[in-house]
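Copied from TrEMBL, the annotated features are:
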- E45: active site, proton acceptor (ACT_SITE)
- D56: active site, proton acceptor (ACT_SITE)
Amino acid sequence: MTRLQTVLQSEQQYLIPFIMSGDPSLEATRELIHLLNEEGVAAIELGVPFSDPIADGPVIQAASERALRQNVTLQDVLTLGRQVRQEGCQVPLILFTYANPVFQYGLSRVVEDAVGCGFDGLIVPDLPYEESGELREWGQKAGLSVIPLVAPTSRQRIRQIVEEAQGFVYCVSSLGTTGMRQQFAGTVDTFLQTVRELSPVPTAVGFGISKREHVERFQKQADAVVVGSALVRKIEELSGALSDPVQRTEALEQIRAFVTALKTK
Ligand SMILES: O=P(O)(O)OC[C@@H](O)[C@@H](O)c1c[nH]c2ccccc12
């Protein structure tokens, strides 16, 4: 069993934050990774900025643009993974990138380098399951979990997708793009139950989860809960302070408090 599955099945940790690498800087991201590791999360999704993030809502799109202004690349994110591992970070890391940078870098190379830099998983949200066979094979060989996404519209394909799933299955709570939501369709509960019954690996749910009550609700229906936009927005609000050596510690503590408040235990 992989480190990722062990953590998710232990029920000790169930929060998976998404942060955009390089927003507001790679140094800030490095410190945020250590903070999240200390705070206790199940894994961290480390976003690679991309110019055409079609599945992202405005908050993460803006974060991607800020990181691209810092010229952050897939290579930088891999290097950051290696650096935090050398500094003692133990939390599972998930490389989160659109397909274009992966194909440019090379499928087998990105898998090999991700493992070499201490990553446990890879999510490529715009790579259709039917076209992910080669990447999943490289992942299987190298010990990198290539994590599939399933949506309420996946219906018949859910069984096929989860049967071959590595690491965990990422259940998208609602259609559309990432972003904070006030409510969720009633059908999401049945959807999550169906996936959980069919899946041989743990499940995580994401999209729109931004408050403690959301986490409490979904924590009962999946092994992990992903929070991206709400945290990315908090980081954006504090980006000035995070970039100022004098204010950085206080800003990091505000982010720690935000993450603590999301965790129900
Ligand atoms: O931002 P939200 O609504 O909290 O959802 C998590 C999401 O940000 C993260 O998992 C993610 C970031 N970019 C994506 C693209 C597709 C699917 C998921 C994602």
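Just so it is clear, glycine is given a Cβ too, placed from its N, Cα and C backbone atoms.
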Rounded Cα separation (Å) that holds between E45 (active site, proton acceptor) and D56 (active site, proton acceptor): 14
Other C-beta atoms that fall within 10 angstroms of the C-beta of E45 (active site, proton acceptor): 22
Residues that sit under 8 angstroms from D56 (active site, proton acceptor) by C-beta distance, when 6+ apart in the chain: S64, T177, T178, G179
